[in-house]
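Student: Pasting a structure below so you can have a look.
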Amino acid sequence: MSTHAADVRPLMSRKSGRLQGAVVVPGDKSISHRALILGALAEGRTRITGLLEAEDILCTARALEALGAGVERDADGAWTVTGRGLGGLAAPAGDLDFGNSGTGARLMMGVVAGHPLAARFTGDASLQKRPMGRVLAPLQSMGLAIEEEGRNTLPLTLVGTGDLVPISYRLPVPSAQVKSAVLLAGLFASGETSVIESEKSRDHTEKMLRYFGAEISVEPFEGGLRIALEGRRTLQGQPVAVPGDPSSAAFLVAAALITPASDILVKNVLVNPTRTGFYETLAEMGADISFENEREVSGEPVADIRARTSELRGVTVPAARAPSMIDEYPMLAALATLAEGETLMEGLAELRVKESDRLAAMVDGLVACGAIAHARGDTLTVLGLPKVRGGATIKTHMDHRIAMSFLVLGLATEEPVTVDDASMIATSFPEFRTLMQQVGATLDEPGQASNEARGKDHE
Ligand SMILES: O=C(O)C1=C[C@@H](OP(=O)(O)O)[C@@H](O)[C@H](O)C1
Ligand SMILES: C=C(OP(=O)(O)O)C(=O)O
């Protein structure tokens, strides 16, 4: 059971002046999970530079180690994974604990499915509420067995097999995690496994599989895409340089837009088009942002993102854009409170099954801050105001993105914004507070700010 309740740490942000500077955000979370996993399934060694050293990723690293892969942090900060080859992982001695990470748990289900071993998957209180049926259903049709039959949430004991059968699977939900779990399982099945998606979701698994030597094709299919993988092909360990996470960069960019006279450069950010919906939306809202120094790193497009203070206007964000900015809606919703007019965000059903129900958490928190927001079905509407009051303590529900989004909003509200627990930020972006402070943002523990103020009164 998680000991999370004991570590709860509130954090407060206050109206900030000019933010400026150049920062480097930590490595992309999605690519980091995949580099560790493919490294473990490959022959030979995979050296990873820029790996995100956050809780979600460390959980995946520990799970792979428990399954027999070699995972080590080198003295220079790079990580080396010693692969066991396809099908070479072994039964773990204890539970595989994925903490707060949906990606880690779901991708690793595809890996365990292809090995003749049993593993008990578990996670924290948030992860234990999240739906796993979306991954278990296709994996079961390939041959995975579940000890707790009929159960779709963790903890679960999964029993894999050396005899997976390939499937052709049409994604019922737009999810890169489901797509990736099926493709990873497909590595172990003899013949072609294919996944059909109607909206293109992040494609890091496909790209990295190809890079490690898998036989994989991606073709247009009935208005969407069909990804086909030939099973039982050896993967070869490769060097991987992980670029900065655009989902983490989003918080710094957003902070620059809503604080006066700000100018921030976030360097070395992944700008794969399956991940840049937030930046596209910001441009439509009139934000002063630009991609500079565009280049390619390990087969992924990378750029430095510059953001300056901007007058934003409300826009309609179409449902088709949701997969490419799925984790950025909390931040966008917070920004929309300060844009002129209405922002309508459509097609957000998936937000209800993230680390928290993000639609509900955003509406509740925004309304508590004096903003105007409501959710109807899978649409979120926010009406911008010239000023937002703030002055609330936000319930973050063990959700890192809710915590970071409200801390950014608090830099521009009239009164400070407190989040009830900032500890979950460590799951994806442990350097958040340091980097925000480095560019000039005012973030402190709630008691700390009032002590400082009191100290000043006596000076
Ligand atoms: O594949 C991935 O790395 C991810 C996919 C997305 O989840 P879904 O697959 O549930 O959309 C995203 O929200 C998550 O942060 C990372
Ligand atoms: C949804 C997220 O991650 P995961 O699904 O891996 O928990 C996220 O980081 O916003």
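Cβ atoms here come from the backbone N, Cα and C positions, even for glycine.
Pulled these from TrEMBL:
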DOMAIN    14-433  domain 'Enolpyruvate transferase'
BINDING   Lys29, Ser30, Arg34, Ser175, Gln177, Asp327, Lys354  3-phosphoshikimate binding site
BINDING   Lys29, Gly102, Arg130, Gln177, Arg358, Arg401  phosphoenolpyruvate binding site
ACT_SITE  Asp327  active site, proton acceptor
Student: For ligand 2, pick out the binding-site residues Gly102, Ser175, Asp327, Lys354, Arg358, Arg401 that have a CB under 6 angstroms away from one of its atoms.
Tutor: Gly102, Asp327, Lys354, Arg401
Student: Which binding-site residues are spatial neighbours of Arg130 (phosphoenolpyruvate binding site) here, meaning Cα within 10 Å, out of Lys29, Ser30, Ser175, Gln177, Asp327?
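Tutor: For Arg130 (phosphoenolpyruvate binding site), the binding-site residues whose Cα atoms are within 10 Å come to none.
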Student: Arg34 (3-phosphoshikimate binding site) to Gly102 (phosphoenolpyruvate binding site): how many Å between their Cα atoms?
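Tutor: It is 13 Å, counting Cα to Cα.
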Student: Is any of Ser30, Arg130, Ser175, Gln177, Asp327, Arg358 (binding-site residues) within Cβ reach of ligand 1, i.e. under 6 A, and which?
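Tutor: Cβ under 6 Å from ligand 1: Ser30, Ser175, Gln177, Asp327.
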Student: Which secondary structure state does DSSP assign to Lys354 (3-phosphoshikimate binding site), in the simple three-class scheme?
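Tutor: DSSP call for Lys354 (3-phosphoshikimate binding site): coil, neither helix nor strand.
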Student: Over the domain 'Enolpyruvate transferase' (14-433), what is the model's mean pLDDT?
Tutor: 98
Student: Taking only same-chain residues 6+ apart in sequence, whose CB is under 8 Å from that of Asp327 (3-phosphoshikimate binding site), what do you get?
Tutor: Ser247, Lys354, Arg401
Student: Taking DSSP as the reference, which of helix, strand or coil describes Asp327 (3-phosphoshikimate binding site)?
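Tutor: SS state of Asp327 (3-phosphoshikimate binding site) = helix.
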Student: Using DSSP, would you call Ser175 (3-phosphoshikimate binding site) helix, strand or coil?
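Tutor: Coil, per DSSP.
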Student: Using all protein chains shown, find which of the binding-site residues Ser30, Ser175, Gln177 scores highest when you count other CB atoms within 10 A of its CB.
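Tutor: The residue with the densest Cβ neighbourhood is Ser30.
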Student: Using other CB atoms within 10 angstroms as the count, which residue among the binding-site residues Lys29, Arg34, Arg130, Arg358, Arg401 scores least?
Tutor: Arg130
Student: Which residues, sitting 6 or more apart from Gly102 (phosphoenolpyruvate binding site) on the same chain, put a CB under 8 Å from its CB?
Tutor: Leu127, Arg130, Gln177, Lys354, Glu355
Student: Give the three-state DSSP assignment (helix, strand or coil) for Arg130 (phosphoenolpyruvate binding site).
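Tutor: Assignment for Arg130 (phosphoenolpyruvate binding site) reads coil.
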